[in-house]
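K.L.:
First the structure, which I've put down as C-alpha cells, then a few questions once you've had a look.
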C-alpha cells in the first residue's frame, strides 16, 4: 500500500499510515446488484479507484485518484460479464480544492470530475444524493468497492463488495493515528473490533449513510481492517458549497480551510 508522503514534517504519519489510492472491502459480501447504481469504477495509469455519480454529468472521488488516461465506467457489477447498460466516459474537466492539485491537508482529498458527456439513468445507473446534514456519531453507514479483500496480498474481486461500518468521534482516529491534524473536515469510520474496512482499490468510493454520500474513501492504517484503526474519509458535507459552486459554473470556488 502506498505510504502517505504529503507532509514532510509529519514523519510518524509517513512511516505508519497508508493511503488507499490505486487502493475491496475487507470483511464484506458481494453487493446486491441494485444497491450500487451510483458506484463508479475508474482506471488510470494502470491503477484503480472508485467514485460516485452525483448527477448526470458529475462524479465525486478522491484527489489522490487523479491520473492520466482515465476511463470511467458506470453501471458495472461483474467485470467479466458486463451489464448491457454499462456506460463509459472520460473526464472533460477535473476540479480540486487547490489549483495546484495538492491535498497536503487531510481535509482536501477530494476531486470533482465533469464527464465528457452526460450519463443516462438506467437499471444499474443512477446518481446518489449529496448530504442534507452531517452524519451523527454511531450512525451505521455502507462502504462498497472493487478493492482487494485480502490484507496480505492484492486479491481483487470480479464484483463489488459491501459492508456496514460505524461513524466514530474524531478523537478515536486521533488516538489511532498520532500526529493527525486537529481538523473536523474528515470522518472517522470503521469497526473498532477490526475485520471490516475499505482497502487498496476502494479509494475515492463512497461512505453512504441514509441514502446519501457522506464520505469519500481516503486513507487508513497500513493493514486494512486492523483493530482500533478506523478509516479516514473526506467529509462531503463540509465541501457542499464548493461542490455546488463548481457545478453551477463558478470554477474559481475554493474549499473551506
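If you go along the chain as it appears here, the first residue is 1 and each next one adds 1.
Backbone N, Cα and C define each Cβ position, glycine as well.
Here Swiss-Prot flags 64, 109, 203 as active site, charge relay system, drawing on similarity to another entry. Marked as disulfide bond by Swiss-Prot: 31-162, 49-65, 97-255, 141-209, 173-188, 199-224. If you look up Swiss-Prot, you'll see 25-248 marked as domain 'Peptidase S1', on the strength of sequence analysis. The feature signal peptide is assigned by Swiss-Prot to 1-18, with sequence analysis given as support.
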K.L.:
Checking the contact step here: among the disulfide-bonded residues 49, 65, 141, 173, 188, 255, which have a Cα within 10 Å of the Cα of residue 109 (active site, charge relay system)?
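P.N.:
Near residue 109 (active site, charge relay system) by Cα: 65.
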K.L.:
Near residue 97 (disulfide bond), meaning Cα within 10 Å, which of 31, 64, 173, 188, 209 (recorded positions)?
P.N.:
none
K.L.:
Where residue 224 (disulfide bond) and residue 203 (active site, charge relay system) are concerned, what is their Cα separation in Å, rounded?
P.N.:
12
K.L.:
Compared by Cα position, which of the recorded positions 173, 199, 203 is the closest one to residue 49 (disulfide bond)?
P.N.:
203
K.L.:
Most Cβ neighbours within 10 Å: which of the disulfide-bonded residues 31, 49, 97, 162, 209 is it?
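P.N.:
That would be 49, with the most Cβ atoms nearby.
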K.L.:
Distance check, please: Cα of residue 199 (disulfide bond) against Cα of residue 162 (disulfide bond), rounded to an integer number of angstrom.
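P.N.:
Approximately 12 Å lies between the Cα of residue 199 (disulfide bond) and that of residue 162 (disulfide bond).
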K.L.:
Counting other Cβ atoms within 10 Å, pick out the least crowded of the disulfide-bonded residues 65, 188.
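P.N.:
Ranked by other Cβ atoms within 10 Å, the disulfide-bonded residues 65, 188 bottom out at 188.
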